[in-house]
């Protein structure tokens with residue numbers, strides 16, 4: 001890449017970054033937080049944060065990258081995607097009418113809410129316990145990170161339930177919403193994330209998500225400033241780099257350490273070059289249609305229920321890894337959101353996917369606003385826990401693609417909804433057995449006087 005070509009790419013990158021950052025800043029000033037703000041920051045991180053890192057790798061370490069015209073296509077496709085997404089998100093689908101009293105779809109009380117978070121936490125802890133009994137601490141047993149996907153590791157399906165510890169702790173926080181509950185959320189979820197990091201063998205997702213939710217709650221409540229958020233972001237990047245070194249068993253120093261930091265940080269937070277690789281091989285892609293979305297559900301079907309279930313699932317990430325990169329190491333390489341759309345339907349699917357994503361984020365913000373307006377604090381805690389708990393799925397959306405997002409968000413909704421139903425059933429059983437007694441002011445006064 002020549003300096004002239006880099007200059008042209010830099011101008012396009014700067015314009016796209018300023019365009020998205022400006023719209024995000026205006027939205028932040030208006031509402032302080034919603035899921036449009038979160039997705040916009042996530043989109044910036046995924047598709048634009050990596051460009052400066054790539055530039056340093058090219059000019060400082062002479063690393064090979066896709067041709068400049070392909071990198072230009074990647075930047076422009078990301079910018080156009082966001083423009084279509086933003087218009088869709090801001091388009092009002094129906095006229096605003098005065099809020100008329102409507103019968104709520106469901107309601108919650110204190111006992112049901114506490115039962116819900118206990119069940120969610122129980123699912124996570126039991127899953128971790130069973131996985132640990134089968135495999136021990138994989139971080140200290142395996143020689144390479146790719147081995148966690150091999151037949152040596154049993155009970156891999158249990159990892160999908162680990163994440164429900166975070167929604168459980170979110171319910172606990174939203175029931176109190178003070179600084180002590182906020183700090184308890186951070187300590188409990190990060191400790192759990194470090195535990196799963198050691199047990200699973202290097203998975204950092206729970207740590208990243210817990211830290212991100214902690215920061216956004218702090219921004220919403222005014223407990224941290226934007227400068228503190230930026231400092232925490234830098235600290236998070238350094239922390240993820242250190243965990244990546246431990247995961248891959250790397251011991252580096254000097255120029256090698258700087259080089260490793262650049263490419264690991266780029267691959268962790270901003271795999272935008274993967275989109276460029278897909279565009280570079282555009283003519284060789286056999287468009288998959290909506291099949292990757294259907295196939296991604298296969299991993300949630302137990303083999304005893306479907307004996308003939310394919311052992312290898314050809315979703316967009318695996319198609320990109322196996323068919324485009326010809327990589328059969330056992331690791332699935334992230335195609336990014338736009339890359340998954342390219343795999344499914346080429347350039348035509350990019351604006352269509354942007355419209356779909358705009359509607360998805362609009363739906364999450366609608367739920368979030370319902371929680372903000374809810375007068376029943378127990379129901380509000382459940383709604384907010386669901387919305388913030390889905391942040392993991394939004395990260396999957398930006399990094400892994402639409403197909404991975406759909407299967408995971410459906411799984412999240414089913415498990416979360418099942419926990420709600422079980423909590424309500426248990427409450428009904430306890431109440432029928434006479435074990436539930438409503439609190440009254442007189443009984444509370446008697447307890448205090450006694």
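In case you wondered, yes, glycine gets a Cβ from its N, Cα and C as well.
The model shown is predicted, which means the values in this text are computed figures rather than measured ones.
Swiss-Prot lists 6-26 (among others) with the feature transmembrane segment.
Panel annotation: around the transmembrane segment (37-57), residues 6, 9-10, 13, 16-17, 20-21, 23-24, 27-28, 31, 63, 65, 74-75, 78, 82, 85, 216, 259, 262-263, 265-266, 269-273, 275, 336-338, 357, 361, 391, 394-395, 398-399 of the same chain, lying at least six beyond its termini, place a Cβ under 8 Å from a Cβ of the stretch. Per Swiss-Prot, transmembrane segment is recorded for 37-57 (among others), and the stated evidence type is sequence analysis.
According to Swiss-Prot, the transmembrane segment annotation covers 63-83 (among others).
The transmembrane segment annotation in Swiss-Prot covers 118-138 (among others).
Panel annotation: around the transmembrane segment (155-175), residues 113, 116-118, 120-121, 123-125, 127-128, 130-131, 134-135, 148-149, 181-182, 184-185, 188-189, 192, 196, 200, 203, 205-206, 209-210, 213, 217, 299-300, 302, 377-378, 380-382, 384-386, 388-389, 392, 411, 415-416, 419 of the same chain, lying at least six beyond its termini, place a Cβ under 8 Å from a Cβ of the stretch. Residues or ranges marked as transmembrane segment by Swiss-Prot: 155-175 (among others).
Summarising the annotation, Swiss-Prot assigns transmembrane segment to 181-201 (among others) and lists sequence analysis as the type of evidence.
Taken from Swiss-Prot, the feature transmembrane segment applies to 207-227 (among others), supported by sequence analysis.
Here Swiss-Prot flags 228-248 (among others) as transmembrane segment, drawing on sequence analysis.
The transmembrane segment annotation in Swiss-Prot covers 341-361 (among others). Within its own chain, the transmembrane segment (341-361) is flanked in space by residues 35-36, 39, 77, 80-89, 91, 275, 278-279, 282, 285, 287-293, 316, 319-320, 335, 394, 397, 401-403, which lie at least six positions past its ends and keep a Cβ under 8 Å from the stretch.
According to Swiss-Prot, the feature transmembrane segment maps to 378-398 (among others).
Within the same chain, residues 106, 109, 111-113, 115-116, 119-120, 123, 160-161, 164, 167, 297, 300, 382, 386, 389-390, 392-393, 436 sit at least 6 positions outside the transmembrane segment (410-430) and bring their C-beta atoms closer than 8 Å to a C-beta of that stretch. Residues annotated as transmembrane segment in Swiss-Prot: 410-430 (among others).
Cβ atoms under 8 Å from those of the transmembrane segment (181-201) belong to residues 124, 128, 131-132, 135-142, 145, 147-148, 153, 159, 162, 165-166, 169-170, 172-173, 175, 207, 209-211, 213-214, 217-218, 221, 223, 243, 247 of the same chain, restricted to positions at least 6 beyond its ends. For the transmembrane segment (378-398), same-chain residues at least 6 beyond its ends with a Cβ under 8 Å from one of its own Cβ atoms are 35, 38-39, 42-43, 45-46, 104, 106-110, 112-113, 116-117, 163-164, 166-168, 170-171, 174-175, 205, 208-209, 212-213, 216-217, 336-337, 357, 360-361, 364, 367-368, 370-372, 404-405, 408-409, 412, 416, 420. Long-range contacts of the transmembrane segment (118-138) within its own chain (CB-CB distance under 8 A, at least 6 residues past either end) are made by residues 147-148, 153-155, 158-159, 161-165, 167-169, 171, 192, 195-196, 198-202, 415-416, 419, 422-423.
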